[in-house]
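Heads up, the thing below is written out as structure tokens.
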Amino acid sequence: MARAKIALIGAGMIGGTLAHIAAREELGDILLFDIAEGTPQGKALDIAEASAVFGKDVSLKGVNDYADIAGADVCIVTAGVPRKPGMSRDDLLGINLKVMKAVGEGIKAHAPNAFVICITNPLDAMVWALQQFSGLPKEKVIGMAGVLDSARFAFFLAEKTGVSVEDIHAWTLGGHGDDMVPMVRHSTVGGLPLPELVKQGWLSQEELDGIVKRTRGGGGEIVALLKTGSAFYAPAESAIAMATSYLKDKKRVLPCATFLTGQYGLDGLYVGVPVVIGAGGAEKVIEFETNDEEKAMFAKSVESVKGLMEACKAIDSALV
């Protein structure tokens, strides 16, 4: 049986970490692409040499030509400029939109049957643009953000309650930004919804509100600490979870930036919602029941995403 071919577009901190995890998990043959000559080749060789230590037979190759990703089953896109202190994700839009155009054209020409996961920020606008530039079916192009945001939410809950992260199920909706919506009523610790934890005294409402606020600013917290870049370990793990569900047809329900066609009362845009990921790509959107407060927060987040889409259209008239 032929092994899957995984193309990692961008050999920066996330790209290199993706290659390392994919190799350890033996997800398939790995192509690490970057326009910077030597960078993908060096990282691929380093990880390949490490495989002799962690005992996995893997194929890794660093490349600088999109032709080398021909026939890729999965493409994970991290290419672009990362955030630095004082920058919002939205500040990256103009630069990274041009990158998405080049990447989309490369995928369209050489890997038109791939399942594409976009990580580049501002995420919701970039995955929308990438789908248009690539021309791939909308269910085969999704964005990684919700898995990461929900993981941060879960970790902060675990840290505060002292409960294993394995027994915490946390969810976020909306765009990947400060207006994201941590779904307090639908998130659980040991099966108990978070409002019930407050009633039982595990958490105070003030503590829960603090966790929600920290979740929304989770990426910025790391940017401020690193000073020279943004998060890469957790984003890479999140994308690998999505790719694994696709390659192994696991049908996992994961929050991702997905193209909506009427779900949540929205149509024609990408935004973070829970979705079943299987061999068909984004196979089914899961719709949470939302109250008036949640609807209002979600609507605010969606408006932020729409604003970024309009900004993209103003830069590139090919986007519709």
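Any Cβ shown, glycine's included, is placed from N, Cα and C.
If you look up Swiss-Prot, you'll see G10, A11, G12, M13, I14, G15, D34, N96, I119, T120, N121 marked as NAD(+) binding site. Secondary structure at G12 (NAD(+) binding site), as computed by DSSP, is coil. Taking a C-beta cut-off of under 8 Å and a sequence gap of six or more, G12 (NAD(+) binding site) has these contacts in its own chain: D34, T78, P82, F232.
What Swiss-Prot lists as substrate binding site is R83, R89, N121, R152. Classification of R152 (substrate binding site) by DSSP places it within a helix. In the structure as shown, the Cβ atom of R152 (substrate binding site) sits within 10 Å of 25 other Cβ atoms.
According to its DSSP assignment, H176 (active site, proton acceptor) is coil. Per Swiss-Prot, the feature active site, proton acceptor maps to H176; the stated evidence is sequence analysis.
As a whole number, the greatest separation of Cα atoms within the NAD(+)-binding residue list G10, A11, G12, M13, I14, G15, D34, N96, I119, T120, N121 is 17 Å. Here the CA atom of R83 (substrate binding site) lies 8 Å from the CA atom of N121 (NAD(+) binding site).
For H176 (active site, proton acceptor), the spatially nearest entry among the binding-site residues G10, I14, I119 is I119, judged by CA separation. The Cβ of I14 (NAD(+) binding site) has T78, I119, F232, P235, A236, A239 as same-chain neighbours under 8 Å, each 6 or more residues away in sequence. On its own chain, G10 (NAD(+) binding site) has F33, D34, V77, T78, A79, G80, T120 as residues at least 6 apart in sequence with a Cβ closer than 8 Å to its own Cβ.
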